[in-house]
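K.L.:
According to Swiss-Prot, the protein carries these features:
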type	residues	note
TOPO_DOM	1-41	topological domain 'Mitochondrial intermembrane'
TRANSMEM	42-58	transmembrane segment
TOPO_DOM	59-82	topological domain 'Mitochondrial matrix'
TRANSMEM	83-104	transmembrane segment
TOPO_DOM	105-260	topological domain 'Mitochondrial intermembrane'
BINDING	H187, C222, C226, M233	Cu cation A1 binding site
BINDING	C222, E224, C226, H230	Cu cation A2 binding site
BINDING	E224	Mg(2+) binding site
Amino acid sequence: MIVREWLFFTMAPCDAAEPWQLGFQDAATPMMQGIIDLHHDIFFFLILILVFVSWILVRALWHFHYKKNPIPQRIVHGTTIEIIRTIFPSIILMFIAIPSFALLYSMDEVVVDPAITIKAIGHQWYRSYEYSDYNSSDEQSLTFDSYTIPEDDPELGQSRLLEVDNRVVVPAKTHIRIIVTSADVLHSWAVPSSGVKCDAVPGRLNQTSILVQREGVYYGQCSEICGTNHAFMPIVVEAVSRKDYGSRVSNQLIPQTGEA
């Protein structure tokens, strides 16, 4: 039974922070997958450098001991080794820099014609969302507030201090534009599984794009210190199928907006 549970939690996607977690959450977007791949590539080069430098250090300590070489050699110049130690690190830096720059510039790209635009507004200390592509019967955009569920009132299976009363529902495999701003102080809209962290600045509109590739529930938090309850501003993005998303919009968001 224990082995079965271990296999389940090991193979299941990790879309929320876990106790003693050291690695990344599982990627839900191509952007996050690129970040993870870049991290692994850089880590590979770091291991090579660590092994090489450690080998040189151990070799120097072993061979150049004062008992073995009481009279040290005086070497003031070595053209070959100087060329190697200049060219070799430059090649490594090129292998690291080229994919990192490509990923960095792709983060700034915004989809020209997104299928859905969602506006996320930060408040002290909750969030409000606006689906500007849909209008209710009274010609109002679909809006709702999202508050954290108190830590003393979670339901079975909910994450402590990460669950909200109203989730952001998005369709999977669809280009989505997120417009981020703030109504009071600096906030941030960050969801690690999607590889997105966008600052919410009062009086300014920042935007980012996401393409969630699989259905699931993704958790995030405010990543900008914004006051006393900074830790109580979670973000929950629920990615569903396009068919389910359409029914959610018609059955939940529109009635909710009408009541507001």
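Glycine too: its Cβ is placed from the backbone N, Cα and C atoms.
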K.L.:
Between M233 (Cu cation A1 binding site) and E224 (Cu cation A2 binding site), how far is it from one CA atom to the other, in Å?
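P.N.:
Cα to Cα, M233 (Cu cation A1 binding site) and E224 (Cu cation A2 binding site) are separated by 10 Å.
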K.L.:
Counting Cβ atoms within 10 Å across all protein chains shown, which of the binding-site residues H187, H230 comes out on top?
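P.N.:
The largest 10 Å Cβ neighbour count belongs to H187.
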K.L.:
Hey, does DSSP put H187 (Cu cation A1 binding site) in a helix, a strand, or just coil?
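P.N.:
Note: H187 (Cu cation A1 binding site) is in a strand by DSSP.
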K.L.:
How does the topological domain 'Mitochondrial matrix' (59-82) divide up by DSSP, counting helix, then strand, then coil residues?
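P.N.:
Reading the DSSP string over the topological domain 'Mitochondrial matrix' (59-82) gives 9 helix, 0 strand, 15 coil.
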K.L.:
Can you give me the Cα-Cα distance between C222 (Cu cation A1 binding site) and H230 (Cu cation A2 binding site) in Å, rounded to a whole number?
P.N.:
7
K.L.:
Can you give me the same-chain residues 6 or more apart in sequence from C226 (Cu cation A1 binding site) with a CB-CB distance under 8 Å?
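P.N.:
Listed in sequence order, they are G122, Q124, W125, V185, L186, H187, M233.
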K.L.:
Excluding near sequence neighbours, so keeping only residues 6 or more apart in the same chain, what lies with its CB under 8 A of E224 (Cu cation A2 binding site)?
P.N.:
L186, H187, S188, D199, A200, H230
K.L.:
Name them in sequence order: residues not among H187, C222, C226, M233 whose Cβ is within 8 Å of the mean position of the Cβ atoms defining the Cu cation A1 site.
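P.N.:
So the extra residues in range turn out to be G122, Q124, W125, R127, L186, S188, A200, Q221, S223, E224, G227, H230.
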